[in-house]
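Quick look at what TrEMBL lists:
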- 420-429: compositional bias 'Basic and acidic residues' (COMPBIAS)
- 442-451: compositional bias 'Basic and acidic residues' (COMPBIAS)
- 469-484: compositional bias 'Polar residues' (COMPBIAS)
- 11-75: domain 'DUF1899' (DOMAIN)
- 412-489: region 'Disordered' (REGION)
- 84-126: repeat 'WD' (REPEAT)
- 134-176: repeat 'WD' (REPEAT)
- 182-223: repeat 'WD' (REPEAT)
């Protein structure tokens, strides 16, 4: 027995820059007060956010409506504020177009999906005429999702058990024929999630099963038959090739489970959380590999860090509040305050107070400068392909941007394309000698009057042009610049400074990981020796 205990018990030593992330709610005057949040019991987020607007489904007599407010319109909301109110039934879901901050989609009990254009200065009068109306569902439509990389592609699903694929860049104002109708579900679809390039679609269904589908052909690729986990929500975990689901265990405890996207026969990991009854909403940040779990009707939000190796899920801590949330909106990464080390932002719908409360997740740092290590390149708001390209079979990852203040937000690089973001700029910048000091950088900034033109770090991006790019080698722990050409301009000098900083950060992370592994191996050796001595 002593031998078994010694062999199975392993203390965990794991360093993480997100260990001390904390939730920071805003003050009352910075909340959205007096919002008539819907009383619908539909298990959706009921709220959607982008860097310009926040939209929330509201109560409305004689039909369905939602409210669109400027993101800066905090404080008391006018009870007669104009609404978007063109549906004949209750609105069940709303989603902003990820590539157009002035376009929003809604679906309703009236069996339609509608696409709306929001004026640049916000909703100043009631909007009742949509830009597009999608009509094909035979029963109420409960869920919509935009494609993550293709422009003008949206998915809808309803109580007719159908998942429909719509193409919006057509001249008709009323679209009655979807590109495809997917009929592989035996009950109502509860959630939909795409992988990074949108080539696979995962769904959870009221029959408690998870399905992975090819969204172009409608072919069913994988399906769960596990009796120990009844899934209600499902989420692709970025590029980790894993799915996360929330649901209930055999004993009706709320539970999270991880699945290999290639094999859904059994979960790779599962954990019971509590015995409450509210639906668990999962949110995943692929940039930080952090998972947030928020329960409907709960006041708390648990957060974890996900790793590609066992034990996969590492609990960090939880944010606690006395205000229960009915739904949640999430700000895209490009709308966060990077100067305060904000890595995620929720918008909690608190119905008992008619309140929308922003909640920032903060990484505590003493420095107020931009923290490169917690803000890698992230998905931007430009599509990587057209609707026709996606329908024809093309797969492309999201177009990435840097969140560094002062960087050009129109300087994009396509994930996995092998293109350097600076290749599309007017001035080409080749990689040059590392080893620049902060003093050189400050002098360059002073010389240009602090008019900084910052580019994304090229060390994160592969380059296909062997002539214009150079390679940095690491030898005996030192950077070898013998194969690098010297910088010819001040901009090239600055570019290499950022490249050097990223290289140092990456090497530090590798050293930390190796230190942790060494400690684990030392403990294992010690345990084995103790067990042999006891024998």
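Here, residue 1 is simply the first one shown, and the rest follow in order.
In case you wondered, yes, glycine gets a Cβ from its N, Cα and C as well.
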Inset, instruction - Please indicate, using numbers and ranges, the residues of the same chain that are 6 or more beyond the repeat 'WD' (84-126) and have a C-beta under 8 Å from a C-beta there. - result: 38, 40, 42, 44-53, 55, 57, 60, 63-70, 73, 132-135, 137-146, 148, 151, 154, 156, 158, 166, 168, 332, 381-383
Legend entry - Local confidence of the repeat 'WD' (182-223) - pLDDT mean: 94
Inset, instruction - With DSSP as the yardstick, break the repeat 'WD' (182-223) down into helix, strand and coil residue counts. - result: 0 helix, 20 strand, 22 coil
